Structures are given as structure tokens and as C-alpha cells.
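To start, the structure under review is shown below, and the notes come after it.
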Amino acid sequence: MNGFAVIPSVTTTTTSGEPIASDVARKQNLLELDREGLERFFEDVLGEKRYRAHQVMKWIHHRYVADFEQMTDVGKALRTRLQACAEVRVPRVVFDKHSADGTHKWLLAMGTDRKNAIETVYIPDKGRGTLCVSSQIGCGLNCTFCSTATQGFNRNLTTAEIIGQVWVAARHLGNVPHQQRRLTNVVMMGMGEPLMNFDNVVRAMSVMRDDLGYGLSNKRVTLSTSGLVPMIDRLSTESDVSLAVSLHAPNDKLREQLVPLNKKYPIVELMASCERYLSVNRKRDSVTFEYTLMKGVNDKQEHAHELAKLMRQFDCAMQVKGAAKVNLIPFNPFPGTCYERSTEVDIRAFQKILLDAQILAMVRRTRGDDIDAACGQLKGQVVDRTRRQAEFRRTIEDRVGRDVAA
């Protein structure tokens, strides 16, 4: 998992794990490596001691230096050798936008052709700053209420492209690990399904939590998944970050309409995998279940009662009150969607039913919607390999045509 290649180095893969062909011999991008991988690179390729790798890792992730010549406590001879066989290649910022509420969004170009781009969002709040990180260019799961799904899918992001989002944001914010923290939390909730890019995501999260990296505690790094049951089980043995599940419906019939993955991994299997995750990771005492509220779709009182029952069953299975936490998310509209946001009255009524059932339920405050940076609005720039963009455009055109005819 911590392997590296100096020449050539092709780390970009499709979902099936096949490399994308490249005729260009590349230097090793050090952002691609976690601590163990960097130590091996310094020992095996450069013939250097491990502490040299630690020096360079701190320059990269603590001081945000990408030029070896600026690493002043690294010997000149080593800097010259690093220039010859390695690089620190970070994503290029296409543009960045500021929201009136302080939210900040970056569009970052990915890959050497720069044809694809992803979005990364920073959300400041009292005493904390959360970075929402993408794991794929587009998404292959086709959830019907998500803007990213309409863009189709291109490929998985490399480890360097994932941790590079953190690097760009932290550098912009003037974040100083262990001292002046502007970036306190990372959520893998951006574009893509993180567990479909398992190895690269886990390696990137390792750097986020490493003291030589960004020094975040395990509980401050959250992975959100639509429910790939086998990969949740694998995650429980390889990482102990906080787990969030995109539930969005309290029963299989409705969830299959919203999250097609449910046809393969129904709710009973999904909940069982969450139970196993907490059983293996004793330091984690809860799973957050995300529930996007859409007007007339999943926001009725019967849905709330059904969800409360499902959450109580999870608490009972774990023998811990509060093992299930619910994050209610008002739907954030995007062009062409057929869904609407639930009314404030219905949102509060839904929450009250959960609270009365002694289920911890919070309503997520909408942030960054004026710059399309709110939950479910990220779309980036995707060279689609799935034809989904064209299908979505045809759907919109058909809908407009029917409206005109009426």
C-alpha cells in the first residue's frame, strides 16, 4: 500500500484499478506517499536515513514548501538528488470563491491534461474549521438528489490529488499544525464515493492524522459513504476514523429510488456493517447517519417515526444510547433537479419526532449555497466516461419541452 515508483510513475487509475496510460516518465510525487512510503523512498532510492524523510515531510505539510531548494536544513547534495528524481506536485487552483458566510470554495485542476477539475470547500465555524475533500472526479453511484451525480464519472483521484486539496487549503489559510489551527476537521464528503477509491483515500487520511502531516486526531477525520458494505468492513480493520453514512431514507423502497446502491446493499446489511465497524473500533462510539430532507419525498412524519425506530434498533444493537446520530440536511437545489427543499416547519417537525424518541438529531446549517458550495451542490469539471451528463441534459430538455407544451 505504500509502494512507489520513480521512473515511470503512473498512479492514476480507473475504478477497476487499471492504470491510465502515460508515455511520460515522471518523477516521484512525494505527496503520493505517507510517512512509511516516504521513509522507504529515502532509504531504498536515496540511501538516506529515515529522519531525512521526516524533515522533508514537515517542510511539505507543515510549511507548505514545494521547492526542495527552500528546504534549508536539508543538505545541498540531497536537495540536488531530490530535484533529479522527485517533486512536490500540487493541484493547480483554477479559481476560488468566497461566500458571504465565510465559506471558501476552490476549483482545482487534476492530472497533467488539466481537463478535469474537482471542488474543495472550507467551512469556518466557532472554534473549528472543516475542509470538505473530494475523492473522485465525478461519481459513479448516481444518487438522484446529488449534483455531482449529474456530471458522470471520470476516474479516482490519486493520493497526491486528495492530500493536495488539504495542502492547498491549509497553505491558503495559513494553517500551522499543533499551533495556529485554522483547519481542525476534514470530511471526506466532497465529490465521489471514498470507499470506491479505498487505498488512495486511506493513505491520504493517514497523512492527515500523522504528526508529521496535519496532526488531526482520528475523530476529526470523517469518511462519508453511500454504503459499500464490504468496504466498510475493510475500513474497520485498516482505519479508525469517524464514520458517516448517507442514508437519506428509512426504508429500502424509498432508498432504492434515491440511492441506487441500496439495491445491492439494503438497509439491514448496511446497518449491520455499521455495527461491526463500531465493534471493531472501540474508540469510536457512534455513527452519523446523514439524511437529506426533500419536500414531499422523505420528510413526512411517518418517515421520521420509521427513521427513529431504525436508529433505536441500532442503539439497542450496540447497547449504547446515542450510538446512532442523525444529521438532517436541508436539500440544496441545483440546476435541473426535480427536488425541492423541505420547509423549515417540516424540518423542525421531523427533528422533533427524532428528539422525542431520544435520538440525537441535528439540523445542518446550510453554508456556501450562494457559491454552490453547499452539501450536494459540488460538481467540478468532469470529462464524463459514463454518458450521464448527456442523459441528464436530455432529461432537462424533455422537462422544459413538456412545460412549454402545457
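Glycine too: its Cβ is placed from the backbone N, Cα and C atoms.
The feature active site, proton acceptor is assigned by Swiss-Prot to Glu119, with sequence analysis given as support. According to DSSP, Glu119 (active site, proton acceptor) sits within a strand segment. Of all the Cβ atoms in the protein chains shown, 26 others lie within 10 Å of the Cβ of Glu119 (active site, proton acceptor).
Feature annotation from Swiss-Prot assigns domain 'Radical SAM core' to 125-370; the stated evidence is sequence analysis.
According to Swiss-Prot, the feature disulfide bond maps to Cys132-Cys375.
Sequence annotations record features per position, and here Swiss-Prot assigns [4Fe-4S] cluster binding site to Cys139, Cys143, Cys146. Cys139 ([4Fe-4S] cluster binding site) falls within neither a helix nor a strand when secondary structure is assigned with DSSP, and so counts as coil. Neighbour count (other Cβ atoms within 10 Å of the Cβ, all protein chains): 29 for Cys139 ([4Fe-4S] cluster binding site).
Summarising the annotation, Swiss-Prot assigns S-adenosyl-L-methionine binding site to Gly192, Glu193, Ser224, Ser246, Leu247, His248, Asn332. According to DSSP, Glu193 (S-adenosyl-L-methionine binding site) sits in a coil region rather than a helix or strand.
What Swiss-Prot lists as active site, S-methylcysteine intermediate is Cys375, and the listing cites sequence analysis.
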Count of other CB atoms lying within 10 Å of the CB belonging to Leu247 (S-adenosyl-L-methionine binding site): 29
Diameter of the S-adenosyl-L-methionine binding set by C-alpha atoms, the set being Gly192, Glu193, Ser224, Ser246, Leu247, His248, Asn332, in angstrom: 19
Integer Cα-Cα distance in angstrom, Cys146 ([4Fe-4S] cluster binding site) to Asn332 (S-adenosyl-L-methionine binding site): 9
Among Cys132, Cys143, Cys146, the one of these recorded positions whose Cβ has the fewest neighbouring Cβ atoms within 10 Å: Cys143
Inter-residue Cα distance where the pair is Glu119 (active site, proton acceptor) and Gly192 (S-adenosyl-L-methionine binding site), in Å: 11
